[in-house]
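Structure first, then comments.
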Amino acid sequence: MSRVFSGIQPTGDPHIGNYFGAMQNYVRLGEQYGKQSLYCVVDLHAITNPGAFDPQTLAQKTFDMAVANFAIGLDPSKVVFFVQSHVPEHQELSWIFTCVTPVGELERMTQYKDKSAQFESVPSGLLMYPALMAADILLYKADIVPVGEDQTQHIELTREIARKFNHNFGETFTEPKAVYNKEALRIPGVDGQGKMSKSKGNTIGILEPFGDIWQKLRVAPTDPARVRRTDPGDPDKCLIGDYHKLFSPPETLETVYQGCRTAGIGCVDCKKMLMTHITEHLDPIQTRAAQLRADPDYVRDALRQGDQEARAIASEVMDEVRQKVGFLKL
C-alpha cells in the first residue's frame, strides 16, 4: 500500500492560505490512507535559519501546530502525527545523505539561492536543508508527498538522492512522487499585495479572534473601480470576492456577484456577509482548538503515540540502511 508523508513547519497558528492550500488535503489523505499517512512537525527545519526562529517560542509553536491540525479534523488516532526532533533517525539518515550528495546539487536549489542572499555568512544548515527533507521522506519509504509547487525542486533532489543511495549501496528506497492539491487556490493576502504570507503580515489566522479578523476585512482593499457606492464593480478583481469563493455557499456567492456587478450592494455589506460565513466556518475549529488547549495532556499523549509509531518504522529502515552502508552492529 502507498505511504504518505508531509512535513509541517511549526509556525504557530496557521492562516487560511495554509488551511485551504494544505491542511484540508491532509485530512482527506488521512481518511484515505489511515496509518499509512505520516504528518511531521518539522522543528529541525525551523532552526536552519538562525534569524528566523525564536528558541523561546519554538516549543509552543510546535505544540500549537499540532493543536491546529487536530482542530481541523486530522485525527491522531487514525494517522501518524509526530514531531521531527523526537525521532533521531531523521538526523542520522540526513548525515548519510549529505555524504552521497554533491555540494553543487545543494547549491543549485532555488530556495537556497534566495535565502542565502540574505546572509553575509550563510549557515550550513540552510545548504543541507534538502538533504534533511530527503531523509524525512525516505526514512518512511513514502511514495506520496503532498507539497506546494515551490517544493518541486526539493522533491526532484530527493528522488536523485534515492537513486544515488540505491546505486551505491543496493536497492533500498522508492522514488517518491510529489502530489499537488489541484483544487488549492492562490489565496491573496488581506492587504491585496500578492500571496497571503506570515512574513508579509497580511494573513487571516484560522484561530484568530473574530474581532481582529473583522478589523482586517473592514479596511481591506476592494475593486478600485468602485469609487462610489453606486459604481458597479467586478468581484473577480476583488480579494473579498476571492474570499467569498472559499467561505460562502452558492446562494450567497450569487447574491454577492450580482450585487457587486450591478452596485446593488456596497462593499461594506459584502464584507459583513463574508464575515458571517467566515465565523460559521471557523467557529467549530476555534471551539475545538480551545478544548484541546484546555487539555494539553491529550495533545502531548497523542504526540508521544505518534513519535512511537514513527520510530517503529524509522528504526527498521535505519537498521537496513546501517547494514548496507557497512556500520558495525554489536
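Cβ coordinates are placed from backbone N, Cα and C, and glycine is handled just like the others.
Note that the structure is a prediction, hence the values are computed from the model and not measured.
Going by what Swiss-Prot states, the ATP site holds Gln9, Pro10, Thr11, Gly17, Asn18, Gly148, Glu149, Asp150, Lys195, Met196, Ser197, Lys198, Ser199, and the candidate of Ile187, Ile206 recorded there is Ile187. Note on the motif ''HIGH' region' (10-18): residues 41-43, 46, 57-58, 60-62, 64-65, 68, 187, 195-198, 203-208, 246 of its chain, located 6 or more positions outside it, place their CB under 8 angstroms from a CB of the stretch.
In sequence order, Ile16, Gly17, Phe20, Gly21, Lys195, Met196, Asp242, Leu246 are the residues near Ile187 (ATP binding site), counting only same-chain partners six or more apart with C-beta under 8 A. Nearest to Asp136 (L-tryptophan binding site) in space, judged by Cα atoms and limited to the binding-site residues Gln9, Thr11, Asn18, Glu149, Lys198, is Gln9.
Local packing around the Cβ, expressed as the count of other Cβ atoms within 10 angstroms, is greatest for Asp136 among the binding-site residues Asp136, Glu149.
All chains included, 24 other C-beta atoms sit within 10 angstroms of the C-beta of Asn18 (ATP binding site).
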